[in-house]
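The following features are taken from Swiss-Prot:
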BINDING   60, 62, 75, 78  Zn(2+) 1 binding site
BINDING   535, 537, 539  Mg(2+) binding site
BINDING   878, 954, 961, 964  Zn(2+) 2 binding site
């Protein structure tokens, strides 16, 4: 077999008949599968052992040769080679067809490649292939021209002959009529009888005339058709064709079916055709030019590759190996078989019947029908259902053809190549393990024993607890006591991977050190739940075991939970104390007025703890405490006058706060404040930035332990009586009810419109709700458990408390519009029937939304991953001098400079493109990382915008460079070469997708257009779709004139430079953003609404469209409170703008209208210019992520994404080769991915031994030393035991 590591690219092309025969190990001649009695394969059938290899290892069909010692012998009785049975997975066969057939992909795909090549409409092509019309394949024009006069003479002679025959027949009839009439006259018949005879004669004469005329017309028709006959003419009239062939058969040839197509292809002159098409493109216009371009693409594909167009017509069909289309016996003695076997059987049956008919010399019409059926059978085998009705199996189920095997989620690509089942894995329900350290997980004993079985068995043998592997296995299966001790030993320091589906981002798989636990549930650390999005209501998780030392090292260094504290999407910590822990720490750090022991002073912490233990001091009482000098004072602490650092000092604090500070690192300043969720978040962020991973993990564990400990002791409970309703609710509502009635009266009098009434009512009731909520908050005691939860941030928010305690407020209906009457009851009071009904309405919609959203969001992630999967950091610096301007601050009206609100997602973690110089002094040097500190320093120096590097300006040929990408947000350090930043970007954008809304909001009632928000808006942007209700932007600089008629409204821009004015038709109701007479810039938006990104690209260029897309996507995520760094969106946008569309081809081989990647285009141009030619011109195009994924250089990646058959057809014709640069391609063929430790520069490292090592290696071993070769000769490859040959040992 081919070793996957020894090739760098993979080419796809068209197989010729010779290729197919070369792959084949024999011809399949019979449709039989296996013998019903012996259950052995039939000879020459679809499972034949002679062709495909033996069904059992080292055993021929007849049983003459058994055992491995006969390896390679071909049995003379049955012709089967003695070898391994697994060759039945790789040996192919073939079927020699009695008549050629066309390949359905190339004839039926859109566009039809065969049709483009031969310049035939697919309808006509179908007529020829399926024997409904004849096609002329060759005309001897010279001979025809030469013999035309003599042929014409022959025809005219024949015509005269026909005319003479007609005239004599008519004359004959006339004579007979005369005789008949004379006879009747003699007999004295009546006039009536005479009239009848005369009429009959006239009728016959008319018939003679008509018949003759028809013959003459037919002759004329045949002659005219022949005179103008040219290659590729179709003739559907069989009679006419036959007559033409009988008369002028030596001047032309024609045929039906694939044979005719094959002849046509054999004589097809590609070069001449290409020249002709280029001429049309140079001179032609419109439709004609467009068609010529499309045809030239196909023609030049065959010209420039090794493919022959003959490959589109097959003389033989390959038969895939039998183990890939197996036949298995079910319990009931019946057989289950792959659909392919049925499809192959139909092909073989029809092929054999056709052979027999040809041998018998059957009439042409019968043979043609059989040929058509053979063509249809092969079509069904390749792609069932592509043409006509699909072939169905039992129960009217369409059979799965070869194409279906590749397509879709269940196809070969997505089911078996990109995702595989993993050995050494298990899954179980998860429960919380509060006693675990951050890097640990609890693994059930039974599960651990099964996972680590081989390790335990080996260790048992090493420790002499078992004699051999077999007895060790028995010991493990019987779970002897010694086994558990060995398991403990084996398991220590051996990390396992835990994964929770759906794995939306890379934190969905993390490594932990297993701890053995009783029971059957996996225990996980409470702090990693956020990353996994896990809860303990029945979630399950999977465990995987890294086997090799390298895998264990990578799991420990890169994937251990303690190394994954920051979120890759925005660099914020993801392991945060939540819920119980927050409430415990909040309780611990609260300072309570008038608590027991308030105002006392303690000389050291021991005294305070003793007082607490004796019940003399409350945990939350305000005390004075003498603190040792090695404790860093609080940040804003003002020291006494003669204070020296290192001296003890006195702090006003509580015992609880001191205990809280025991959890933080030694040198962290004393925290003397109440710690809620926000404060804890800030604390963890600071720790992650300034301290080592070990210290952060220790602190987090200490915080977790303290949180649970004090949450337990806080005695926090909740009951309905803790929900305190606001005392003045009724008075407030009455006051606003009067205002509402006033508005209603104004409306009834017609003073305001319905729209205004709605707006006013909504405004009034919003104010009322807010006032009731305020009243509620003012009347809630600080130690109220419900409010403690809300204020600490551990659970719930004021809105929810408001709905339970005070007032439900305004709700929306199913359309998403707000209903202008509020729900005045709270949940505590209970809702009336009407209130209940209108509130369930909106909530039900919300639930339905969530279900749809999950699917949509998953598909978006899949497309994003696909478009960005080959963006890997490939080099340290691409050396570009391009940059982006990034705002980091804004000037207030009073002159002070403040930070821009979202700097942490725009300017933070970037690389400076230039030195920042203020007043001749360099504040920040080029290529430095913009940290929080540096941004503050720049703002202090009065700098509000900086030049940064970004993925959008990176000039790396493949992937991006580390400098342009900047800091890796997951580690807080500069990104490493080999980081798969494209995948991280896709995950960061896709993971919060489920949190986005689905709705289209309505702007105030009926008027105004709908604005797309949430997930649909993100999809619209990434797919580069033209939005609904698109707003025009000005193409020129100038003044605006607005013209309105009754029906329409126009905005006209009069350019300053006096060129033609540009007019834009806008909807009557659309709100304008410009006034009459206003000056507008190029690219300024004229109407409210969404802008078409393609227009921005056309008018303002790539940079503007990049910034538009990034900011618009950010808008959606920001509105939902999701924080994502710009660099992730920039990577996706970079992929969307990677290609250019060729306008003029110059002297290059490119075709106008062709899409090509920019670096490749520039390189082609450079080459042509160097040779003194004319370069090509192109314009940038914006592709949606689906289109961009399908347009990738890698055909493997595109085929495994969507439209598999189309991608493979297209790329096979162009003979594309896949450079294997992305991740997917390498996963598919089973190579190491070129990212992370799989990068070549990390793989190609050799460790040189030291001099001593070399010396000891080359020294001669003395006889006491064991010999080096204790094992037999052979490779160091592991041999599976069941395959190992133990000589004559009879298994």
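Each Cβ is built from the backbone N, Cα and C atoms, and glycine gets one as well.
Reduced to three states, the DSSP call for residue 964 (Zn(2+) 2 binding site) is helix. Taking the C-alpha atom of residue 537 (Mg(2+) binding site) as reference, the shortest distance to any of the binding-site residues 60, 954, 961 belongs to 961. Listed in sequence order, the residues of the same chain lying 6 or more apart from residue 60 (Zn(2+) 1 binding site) and placing their CB within less than 8 Å of its CB are 49, 54, 66, 75, 77, 78, 80, 81, 82. In the shown protein chains, 29 other C-beta atoms lie within 10 A of the C-beta of residue 964 (Zn(2+) 2 binding site).
Residue 535 (Mg(2+) binding site) is surrounded by 10 other CB atoms, counting those within 10 A of its CB over all protein chains shown. Cβ crowding, taken as the number of other Cβ atoms within 10 Å, peaks at 954 among the binding-site residues 62, 75, 78, 954. Applying an 8 A CB threshold to same-chain residues 6+ apart, the list for residue 961 (Zn(2+) 2 binding site) reads 873, 874, 875, 876, 877, 878, 954. Its Cβ taken as reference, residue 537 (Mg(2+) binding site) is surrounded by 5 other Cβ atoms within 10 Å in the chains shown. There are 19 other CB atoms within 10 A of the CB of residue 878 (Zn(2+) 2 binding site), with all protein chains counted. Note: the Cα of residue 62 (Zn(2+) 1 binding site) and the Cα of residue 964 (Zn(2+) 2 binding site) are spaced 68 Å from each other. Packing around residue 539 (Mg(2+) binding site) is summarised by its Cβ count: 17 other Cβ atoms lie within 10 angstroms of its Cβ, all protein chains included. Residue 964 (Zn(2+) 2 binding site) sits 38 Å from residue 535 (Mg(2+) binding site), taking the C-alpha atoms as the reference points.
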